[in-house]
Amino acid sequence: MDKSIYSQKWTREAKEALVSQFFGFMLDAYDLLFVTAMTTILAGVLLPPHLSGILKYYYTLFGYAFTLIGRPLGSAIFGNLGDRLGRRDTLLITITGFSIMSALTAALPTYAEIGIAAFIIFLVLRFVQGTFIGGEYAAGHPFAIEYAPTKWRGLASGIAQGAFSWGVALGGFVVALFVDALGIPAMKAYGWRYVFLTGLIPAAVAVIIRLTMKDSPIFVEAKQKNQLERIPFFSIFKPPTLWTFLQVFVLMTGLFFSSYSLFDYATGILTGAGLSEGAASYYYAISGVFAAIAATLWGLSADFMGRKKAFLISAIVSVIMAVPSFYIWYLGAATHSSGLLYLGSLFAGWFTQWPWGLVPVYLSERFGTARRASGVGFGYSSGLFITAWMPLYSIPLYSVFKPIEGSNIWFTAAFFLILAGILYGIAAAIGPETKGIDLSQIK
């Protein structure tokens, strides 16, 4: 490796790469949050009025699921492109596609206008949106980590991944503000369209930053040395990289169960216990703030204790705290106790999201430069193969857990967090420690 082109300090380019990825990845959660935070509003706009409330809730969540299902395809396409064309140019494509899909969603006809076709078009748009989102982190996470100083890659990882939770927080506040300002009838009539259009603002910031940047030095060096592969995506399925991918698959499956135990169920838990739409969005946003702080701090902690130990600690503690966290949140909503609601927001946000602060750096340290975007992107997305269908699993689980949780879904969320900790804890235990590894020397 040519050491002269790698800085161990926070250069201007490293900071710009991190800020670019922060805004780009924040849009992922910001967009997804709208589907979950406005579930009942979108259900009233896109679905037949005769359906029961709980069925409308789960059917609308399929829009969320279709976004997730599109991610693996996007990470495969754009991850491969990122390993051939470059990280920066690929990111310009993904953020542009994302912006177009947001605008089209805002222009979507309603059920009253075209019937069930409105919901079908909504699902198609969400799927295409998911492909661009999959490409965003496939190229974006390696872009930020390759630029970051070796000593502080964990911190860069926590900041980049924490952007997702900041997107949740910002999106939650935006929905709460729109609901408070317009009211539910106006939100169903036209307000939801304006909410989706707000996603164009941070997208514009990301585009402007990326247009001024060059590709990462590590990728440029690999390209100059003719080390790039013709179809890097296929390489992740050949030993020994295949074994890396399989370990990452189990890890990410657990982590997505953890993440979506919050994002899939927060609104249902809070509104189901008696909170208004606006109040539920507010406390959902508060949980996002705590989640962002947790991801950032836990990413930083991995620069000191190592990636493996950080994963194992978070897995064990999250399993222990799963039931108390979601029950406190439910109880706070049921009793309208602001103290319990804030405490539940802290616990639910923290214990579901803190291990995610390690994901960009750990995955980037597991795959070589020539296939890093493909490996990071598809490895990340592989966790969705099973977890994207959580709304479907929830329907039979609702009957199984009804003696415990009644008409609410707080225990269902806790169950998925327990399952999550077991899965990603085992995967981390069998995987290597990667702290301090030379990214250019990974094969």
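Positions of Cβ are set from backbone N, Cα and C atoms, glycine also.
Database features, via TrEMBL:
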{"type": "DOMAIN", "residues": "17-435", "note": "domain 'Major facilitator superfamily (MFS) profile'"}
{"type": "TRANSMEM", "residues": "21-45", "note": "transmembrane segment"}
{"type": "TRANSMEM", "residues": "57-78", "note": "transmembrane segment"}
{"type": "TRANSMEM", "residues": "114-134", "note": "transmembrane segment"}
{"type": "TRANSMEM", "residues": "155-179", "note": "transmembrane segment"}
{"type": "TRANSMEM", "residues": "191-213", "note": "transmembrane segment"}
{"type": "TRANSMEM", "residues": "242-262", "note": "transmembrane segment"}
{"type": "TRANSMEM", "residues": "282-300", "note": "transmembrane segment"}
{"type": "TRANSMEM", "residues": "312-330", "note": "transmembrane segment"}
{"type": "TRANSMEM", "residues": "342-363", "note": "transmembrane segment"}
{"type": "TRANSMEM", "residues": "375-397", "note": "transmembrane segment"}
{"type": "TRANSMEM", "residues": "409-430", "note": "transmembrane segment"}
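When the stretches 155-179, 191-213, 242-262, 312-330 are ranked by Cβ pairs under 8 Å to the transmembrane segment (375-397), first place goes to 242-262. At the 8 Å Cβ threshold, with sequence separation of at least 6, the transmembrane segment (155-179) lacks contact with the transmembrane segment (57-78), having fewer than 3 such pairs. Using a Cβ-Cβ cut-off under 8 Å and counting only residues 6 or more beyond its ends in the same chain, the transmembrane segment (21-45) has close neighbours at 51, 53, 56-57, 59-61, 63-64, 67, 91, 94-95, 98, 102, 110-111, 118, 122, 126, 129, 133, 136-137, 140-141, 143-144, 159-161, 163-168, 170-172, 175, 184, 187-188, 192, 195-196, 199, 202-203, 205-206, 209-210, 263-264, 266-268, 271, 277, 280-281, 284, 288. Sequence-distant neighbours of the transmembrane segment (57-78) (same chain, 6+ residues past either end, Cβ-Cβ under 8 Å): 31-32, 35-36, 39-40, 42-43, 46-47, 51, 90, 93-94, 119, 122-124, 126-139, 233, 264, 268, 373-374, 377-378, 380-382, 384-385, 387-392, 394-395. Most Cβ pairs under 8 A with the transmembrane segment (409-430) among the ranges 114-134, 242-262, 312-330, 342-363 are made by 242-262. If you count C-beta pairs under 8 angstroms between the transmembrane segment (242-262) and each of 114-134, 191-213, 312-330, 342-363, the highest count goes to 342-363. Within the same chain, residues 254, 258, 261, 265-266, 269-270, 273, 283, 298, 340-341, 343-345, 347-348, 351-352, 354-355, 405, 408, 410-411, 413-415, 417-418, 420-422, 424-425, 428-429 sit at least 6 positions outside the transmembrane segment (312-330) and bring their C-beta atoms closer than 8 Å to a C-beta of that stretch.
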